[in-house]
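According to TrEMBL, the transmembrane segment annotation covers 6-24, 31-49, 55-72, 84-107, 113-134, 155-177, 183-206, 240-256, 277-299, 311-335, 364-389, 401-423. Per TrEMBL, domain 'Cation/H+ exchanger transmembrane' is recorded for 14-421.
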Amino acid sequence: MALLEVFLIFIFAVIISSVINNRFPQIPTAFIQIALGVVIFIIPIQVDFQFNSEVFMFAVIAPLLFVEGTHVSRTKLLEYRKPILLMSMALVFATVVGVGYFIHWIWPALPMPAAFAIAAILCPTDAVAVSAITRGKLLPKGSMTILEGESLLNDAAGIISFKIAVTALVTGTFSLFQAVEQFIISTILGVLIGAIIGFVVVRIRIDLTANKGLKDNNTLTFIQLLTPFVVYFLAEEVHASGIIAVVIAGLIHGLERDRLIRAQTELQMNYHQIWNTFSYALNGFVFVVLGFMIPTVVIDIFQTEPDNFSFLIVITILIAIAIYACRFVWVYFWYKDFYFPKNIQSYLDEEHDSHETPPSRVRYAFIMTMCGIHGTISLSMALTLPFIITKGQAFEYRNDLLFIASFMVLISLILAQIVLPLITPSAEDTTFKGMTYQSAKIFIVQKVIQHFKNESKKDKNDTNYRPVLNQYYGELLFLLNSEPDNQNTKELKRLEDIAKVIETSTLERLIDKGKATYQDINNYRNIVELTETHRTASFVEKFANFFKMLWLRLKAMKHYKALNKESKKQEFENSFKDVQKIMRIVNHNIILRLKEEQNSTNVLEVSLVINHYYDMSRSLKWRAQRRKERQENSNQIIPQAMFHNHKLEALYLQRHLLDELIRKNKINNIVAAQIRENINYNEIVLSLQSKH
């Protein structure tokens, strides 16, 4: 129960960090989570956190690496395979050996295996932290791909090196031949197990979906959620590398994701949302743990070895310099292979059509060095350092190494946050001068409206297109209203205010003349609330409309109270016909007034406001038609089914228009991805509606 309480407290801190980051986006989420971990330590609440290294590796590291594997681009990995392997494998071993010997040289009392262990801990990098800190900045071409690939594969290489060093530390013996043999065997077995289980699970899920017709997305998602845990457990049981296994399984599941993008949108979105939430929670959990552990480690050092604190600070700084120097020299030496990868994919890649001026060797190496941010995996490995080593002795340097690892993570985060914005250009200077998300959406919606208006002119019964036109007119109104500084939006708001004044005055005159009853106004209000425009209106607008209608109903109440029961019943039955007449009068007066306001610059805004009031008439007429067809058991397609088909057609048209904008280079990749995600979401909603 205590473990559950601690977990809930830490996850609650992750949620709070999201809220704070949303309010202060300039502060990296990792910093907020570390600070909240410190706060949890300080507050006078007993938090009994007992760390179990095996559980941590199984429950936290394995799923995190699996998620990284599913998200990384396989095409990019192949294109930059040489620099990625140089950074993720060769650099790891060079760092472990070189920095390991350096640590032992400046700190002779520390056992050699422990020196190798801390060097291995400081090898893995965190691409998520890099992307968060460099948001809004432009990194050199291909560098983010290399960093992501490095982050994925050097986790595995670093963890294997770390395990070998810890084994030597615990057993008290070390053999280079046995270490190399163990590394090769565990790596090969890990690759085989990850590939076999990954292919089997993917095959099962595809078979269940395609051949068996399984529509239960919850079952398919649950199978994928279990995959990293099953893969890691089975690999470790046969003494293979569980880390390598989950990375390979993740890459294979990434191939399935690529197929799903072209197939089941709903299932693909399901996976995306669940894994994003899961990985965010785990990443946040680790940084909160870091914040919680730092005060503990510092206090333990002050209590057990107070004279050693300044020594550890100096050692940490020297190790940081060694790590950064090793990384800088490595990238500097391999610069040409990093920036100019020599393979066929690189020449086919659109990135190479860019006009970016190649950075100097020194500048490129410095940027890549600063991007070597340590995070989740490094901290997770440090937390798995053993308490007991050879002959049952307590590992007296555990807190020291945990202190070094924790502060090295902080140093890398702080340095990157300060230095990277200074040495990388702002994205604002070279942003794509095309459509924004808002303008692209408005363009697409206008084209969809124009398409259905043309179709309705061809159809003898143009009311068939009213529902879908009403929906997209409402969406267009919403998009225009969400741009408060836009001149068109200001004009639209002015025309809407004029129309509301005309609407209210017309209804008041009809009430005074006895041509609009209490029941008429009540039904009028109900029709207003059914329109798309009302549903997308702001709370303030809905609130104002509520009081306007309340005032009109109270005004008509005097006449209604004077009626007897039979008269009230008769009035209710006649009311729907009367409301149609009232709407025609209101619409007529509004059109006359708005035509006076119309000029060459506001034709669209006038038509949108007029359409809002026509929308109410159409809504009432459409529902009456549906009732009539149900009563007659018509064999024709009912309006709801036709509406569904039109919405499908609209989504297809949106995809076509989006592809056209991309082909004509009117929007950048980020805007295109946002619009495509919006279309995918609407497809999911539509598919769910069709099931009910």
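A Cβ is built for glycine as well, from the same backbone N, Cα and C atoms used for every other residue.
Heads up, TrEMBL stuff is auto-annotated, nobody curated it.
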Task: Listed stretch, out of 240-256, 277-299, 311-335, 364-389, 401-423, that has the most CB pairs under 8 angstroms to the transmembrane segment (31-49) - done: 277-299
- [ ] For the transmembrane segment (364-389), could you work out the same-chain residues 6 or more beyond its ends whose Cβ comes under 8 Å from its Cβ atoms?
- [x] 30, 51, 53-54, 56-57, 60-61, 64-65, 117, 120-126, 128-130, 133-134, 139-140, 143, 146-147, 155, 158-159, 162, 166, 169-170, 172, 282-283, 286-287, 289-290, 293, 323-324, 327-329, 331-332, 335, 338-339, 395, 398, 401-402, 405-406, 408-409, 412-413, 415-416, 419-420, 423-424
Task: Of 155-177, 277-299, 311-335, 401-423, whichever stretch has the most CB pairs under 8 A to the transmembrane segment (6-24) - done: 277-299
Open item on the list: Assess whether the transmembrane segment (277-299) lies in contact with the transmembrane segment (183-206), where contact requires at least three Cβ pairs under 8 Å among residues 6 or more apart in sequence.
Closed with: no
TODO: Return the stretch with the most CB pairs under 8 A relative to the transmembrane segment (240-256), choosing among 55-72, 84-107, 311-335.
DONE: 55-72
Open item on the list: For the transmembrane segment (84-107), give me same-chain residues lying six or more residues beyond its boundaries with a C-beta closer than 8 angstroms to one of its C-beta atoms, as numbers and ranges.
Closed with: 77, 115-116, 118-120, 122-123, 145-146, 149-150, 152-154, 157-158, 161, 165, 315, 318-319, 322-323, 326-327, 330-331, 334, 337-338
Open item on the list: Please report, as numbers and ranges, the same-chain residues at least 6 past the borders of the transmembrane segment (311-335) whose CB is under 8 Å from any CB of it.
Closed with: 83, 86-87, 91, 94-95, 98-99, 102-103, 106-107, 118, 122, 301, 361-362, 364-366, 368-369, 372, 400, 403-404, 407-408, 411-412
